[in-house]
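Noted in TrEMBL for the protein shown:
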type	residues	note
DOMAIN	B:17-437	domain 'DUF112'
TRANSMEM	B:20-48	transmembrane segment
TRANSMEM	B:55-72	transmembrane segment
TRANSMEM	B:107-132	transmembrane segment
TRANSMEM	B:144-161	transmembrane segment
TRANSMEM	B:167-185	transmembrane segment
TRANSMEM	B:197-217	transmembrane segment
TRANSMEM	B:257-280	transmembrane segment
TRANSMEM	B:354-377	transmembrane segment
TRANSMEM	B:389-418	transmembrane segment
TRANSMEM	B:468-489	transmembrane segment
Amino acid sequence: MLGTHIHRRALLAAGIALGAVTTLAGAATAQGYPDRPITLIVPWGAGGGTDSTARIVGSLLEQELGQPINVVNRTGGSGVVGHSAIAEADPDGYTIGLATVEIGMMHWQGLTELTSADYTPLALMNFDPASVNVREDADWADLPALIEAIKANPGTLTASGTGQGGIWHLAIAGFLSKLGLEPGAVRWVPSEGAAPGLQDLMAGGVDLVPCSIPEARALIDAGRVRSLAVMSSKPNEAFPDVPTTQDVAGVSWDIGAWRGIVAPKGVPDEVAARLIPALEKVYNSSEYADFMSKQGFGRQWASGEAFGTFMAESNESLGAVMKEVGLAK
Amino acid sequence: MDAIALAAGLVFRVDVLVTLLLASAFGLFVGAIPGLTATMAMALLVPLTFFMDPIPAVGAMVTASAMAIFAGDIPSTLLRIPGTPASAAYTEEAYRMTLKGEAETAMAANLLFSAFGGLVGTAVLILTAPYLAEIALKFSAPEYFWMATLGLTCAAFIGSGRPVKGILSLLIGLLVATVGLDNPAAVPRFTFGSTELLGGVDFIAAMIGLFAISEVLRNATQGMASQTLPQVRLGNPLRGWGPMFRKYWPQQVQGNVVGVAVGALPGAGADLAAWIAYAVSRRLSKHPEKYGTGNLEGIVAAGSANNSALGSAWVPALVFGIPGDTITAIVIGVLFLHGLNPGPTLFIFQPENIYAVFIIFILANILMVPLGYAAIMMSRPILKMPRRVLMPLILAFCVVGAFASNNAVFNVGVMLAFGVLGFFMEENGIPLAPCILGIVLGGMVEDNFITTMIRNDGNLLAFFERPIAAGLGVATLLIWSSPLILGLLRRRRAAA
């Protein structure tokens, strides 16, 4: 036991020393930054929208910075593992990450201490509002009809699209609460993501999926799914025919998933000053705009402190919903 | 006919063919490296496809994934390290053949039946895509629950030795599958406050540890003999194919049928297809006792299944944009990017593009034969290496593989821990395969059970309310109770 104790302490000391050395080295070379490859951590798996967004940003940023960007997936724990890996990386600018909306959710659930304040905000790259999607042959012609059905028989309809307490769960729970209904008036069926949720919608397993429009797009195009409304103050550019909740139900409700690039807290100012303009060029490039619009993803930009404020506000409003619906610890 | 001619014009161009060739080499390389899966090969290709034309972009993904699934069999056979999870079902079987000196026969069979399985999957994709997709879309939580339960039942057929030890191994696997946050209630379980464990036990790291590290440990305890394993030279493996086809066609057909059916279900995929095909072929075999001792039947069935699943996984992806597995999930993104939006309209408005994809599927599986042959030839020197040189190399490979699967040093520790676990399990005659099956299916059984319960307010009859679910459920219960019923009948007959 003693042996492992000493060993651990030695390791710790070595770790601290190593950290100090790399920090010093980082500070010394921030002038020539970047002079070696950069790692971009993605907290979600290969194959999802977050992964493909990270990979297009990575390949365009590579051209801007002249250094390879290695996109690595650190998955698991509903995003906790990857978000922690970004925050705990050396703040030398050679490890950055793609943070997602979940950073403002998981700490309310008591899963981690980590919040958006633990990062250096660089740039918000994307925002997709939630929407209400039902089967094409569903009984409800529009959102008011659906709301009536929920009011008539609370607790009978089911919805899916994320795990318990995930972003789309909050979207529908918060929406119901805005309507003055119990957040549980639509029962939540956990799934691994929007795609399995939609599969379940098609199979007749659930009644609605409150995911973003781009996620449901193929099925909407195939005439299998109808999107009744978008939970945003303005309609989606790619789907102008889908009304907002304000328009059809008189409830203003803004909620959605966002993705942005962050660095660990305490990166040198020179690094942020180099990365933010490079990311802005990426954001404004025709390749990025083209990629996002073809996938149906929305673009939204904020950089540096403005992005920090955006994350803090998202954190507060999500926390409020989670407390309201009883998901916060 | 015009559309087909147009499609051929899109495919048979120098730039497209060169892209396919490069993607093949890339897929073989990634698939042969333990820890890097076919999914990872796809993810690495994504940024490159941004800058390609649609047909070469999709073609590169088709060929790379097919090659990667086959290439996973090479380290699986030679080193007992499954190159991709799709090879895990028959790793033990193939490695036993290497120990018997029949590595070349095993790899030749893998290559032949992978390529042929791929072609069958392609044929199903071409001929039945719209109809099959409709059936696949009817699968919801209760159906998946029974599928996964049937999969667990396979544990009784895949482990050699006593059934009790197989069940013990399965339970170890199921316990491992409960670790982490990714369960329906999103409650951390067995994480001991560790952030890394919130993500659960990395399946690939555990798999490499159980199979490969345990083998390294066993060699170490036996004093690391310096000799090599004497191998039967096959010469040209192509020559053995005719007899193989004639002898093993029933296993091949079983594998193809299972592969196509399981592959088309969203979320099931090639890994599960290989396990079920292996178990089915053992159940139907005239010589089930030979399984687990280095027997080609199981290898043929499972090797046929995983490659045919690859083609049919495209069915729901192309028709409804719903991914059949993680590979097609990435492909769907690329399709959107190039304006080939999945959906029925793709078949109506852009038939030449769809036909071009089909032609590439066929090409990829034909290309697999010469390229796979070359890969097998290149891997031959491994067999000539003395064990005491080879074992440290395997260890190094395993460390790299475990790290690469999720880029975490923590996983190297997971792999070593599972290596020790695997060593002690095998020393006590507990088979490894059921444990891996438990890790793979534990989450699927639990998720779909809880989901069905939530949806139906805890009514257990929900598992039999939908027609497909009822059929699968009754079949599962019959399989479970068959030994009991048969026993009772026999006793009654004896009494009468």
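Every residue gets a Cβ built from N, Cα and C, even glycine.
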Maximum Cβ pairs under 8 Å to the transmembrane segment (B:107-132) - stretch from the list B:167-185, B:197-217, B:257-280, B:389-418: B:257-280
Confidence summary for the domain 'DUF112' (B:17-437), mean pLDDT rounded: 86
Cβ contacts the transmembrane segment (B:389-418)/the transmembrane segment (B:20-48), at least three under 8 Å, sequence gap 6 or more: yes
Per Cβ pairs under 8 Å, the stretch of B:20-48, B:55-72, B:197-217 packing most closely against the transmembrane segment (B:167-185): B:197-217
